[in-house]
Every structure is written in C-alpha cells, then in structure tokens.
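Right, one structure below, let's go through it.
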Amino acid sequence: MAGSGRRPEHRGPPELVRGGEGREGKGAGPAAGSRVVEIQAQMSERAVELLGLPEDRPCLLLDVGCGSGLSGDYISEEGHYWIGMDISPAMLDVAVEREVEGDLLLADVGHGIPFRPGMFDGCISISAVQWLCNADKKSHSPPKRLYRFFSTLYTALARGSRAVLQLYPENSEQLELITAQAMRAGFTGGMVVDYPNSAKAKKFFLCLFVGASGTLPKGLGTECADEEPHQAKFTNERTRFKNIKGKSVKKSRDWILEKKERRRRQGKEVRADTKYTGRKRRPRF
C-alpha cells in the first residue's frame, strides 16, 4: 500500500549521535515556522498525557521519528529522559545544532527497534508511523515493515507501559493496516480521536498497551453539548509564576532555574545562578 510522500532513507547501519547540552530559550531555528512548532508542541503534550506516566519519578521514553527534537524538548521540560530515532540525517543534524537534551539514533524503524527488552517506560511518535506504509523500494513490504516495527517496539517497552503514536492516515485502509499489525505484534488498545467533528483540529492517536489492557482514554472534543468540556482552556492572560497545571511559565525565571537544576542533576555543566538569570534584555535602538 504505497503512499504519495517519500522520506530520505538511511542505507547504512544505525549510528548513535549524542545530543549536547541545551541552551536556555533557544528556538527551533528559522526553518521551522512558529505555527509548526506550536502544533508540534501541542501534539507532543497530548501524546505524553496519553502515556499516563507516573508523577513521582522521571521516565525514559522513546521518540520515534524525532526529527529536529521538538517533541523531545517537551519531554525534557516534563523532567523525563528520552532517546530519539529518525531516518533523516539532515533532521538529526538540526537536532544536534539545537543541542537537544536527548540522545539521537540514525536508523530506519522499519528495520526494527534496536534496544534491549523492557528498556523504555513509554514511546511517543508524532506524524511518523504512516511513512512505514510507503513502498519506497521494490523490496519494501509495508505490512512486514510495520510488523517488524511493532513487534520490536513491544519488546523494548516495559510491561504495563504505553506507546502513543500520532499519525495522519491517508485513508481508512491505511489506518486498518497499521492497527492490525500493532495488534498482531501483541499490543492492545485502539485509536483515540481528538475533535472528530473538526476538519482542521482532528487528530489520530494510536494508544497501545503493553501487557494488561488498560482503559482507552477519551478523545478531546467528544463530550456532549450539555456536559462541561474536560479539555484545557486557553487564554491570552499572562500569569507571572505558575500556569494552571502548577508548572512554571515557559521562559520565566522560575522555569529557567528549574531547567538549570535539572541539568545539574544530570551531571551537566551549567552557569551559576545570578540576579540576572531569566531577566529580559531591553531592545537596542
């Protein structure tokens, strides 16, 4: 079942690329538009939310199709560790230039997940899994590549963990193929659809369970009209220190201090805190 899009393929063996120390407030670069970054951040936040991770300890997550590391940025902000896999050397080069906090692996996930059993506490993927449905070479069989990916992913995940894969299926047949190969590999779970009645906001998340089957989360925007919606409410009003979740507002002094302290716990070299930390500079004229 070949799709219309193509991605560059890495023909050599997997190569580990170490992510360097991040910088405070560094963006995704001019190549990534602010709208793309915003959407990526929203989908990453939703995927991590669907993982149902414990709040009392940091977890090690796998990011499939990590690209330039935008999803990894959110994982790091939540206090977790991550390893990213991507087939594109150019995208991983951008991630290295951005000095993301996770480790990066150059590899084709259609060849499998090359990690030891039970290594990860969860897995997320943003807009990547549907590429396995493409037959870019005569030797490529989408069902076989999908099964290889899901079977090795199942092994690499700890029992009781989840994988949340956001994807853009081209049609119902492609969606059925992906889901069928995941179930064949041993996963349970199903599809969570956010805002199913919206043409623009509709998002597909394949929520998979390892081991005992859990309760499938409800999609956002599926509540009845007479019920109070449980989705997050967005406002333009600024809060000085904490947001609605009790976390420090991004780029604030508290947020920067928390991030620096997290880097110190990771054994990384961090500049000392001063009265100027987090202070915004006035524009020059």
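Glycine is treated like the rest: Cβ placed from N, Cα and C.
Residues annotated as compositional bias 'Basic and acidic residues' in TrEMBL: 1-26 (among others).
Per TrEMBL, the feature compositional bias 'Basic and acidic residues' maps to 267-276 (among others).
Taking H, G and I as helix, E and B as strand and the rest as coil, DSSP gives the domain 'Methyltransferase type 11' (62-138) the counts 25 helix, 20 strand, 32 coil. Among the features that TrEMBL reports, domain 'Methyltransferase type 11' is placed at 62-138.
Per TrEMBL, domain '18S rRNA (guanine(1575)-N(7))-methyltransferase Bud23 C-terminal' is recorded for 208-282.
If you look up TrEMBL, you'll see 1-34 (among others) marked as region 'Disordered'.
Positions annotated as region 'Disordered' by TrEMBL: 258-285 (among others).
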Counted with DSSP (H/G/I as helix, E/B as strand, rest coil), the compositional bias 'Basic and acidic residues' (267-276) has 0 helix, 0 strand, 10 coil
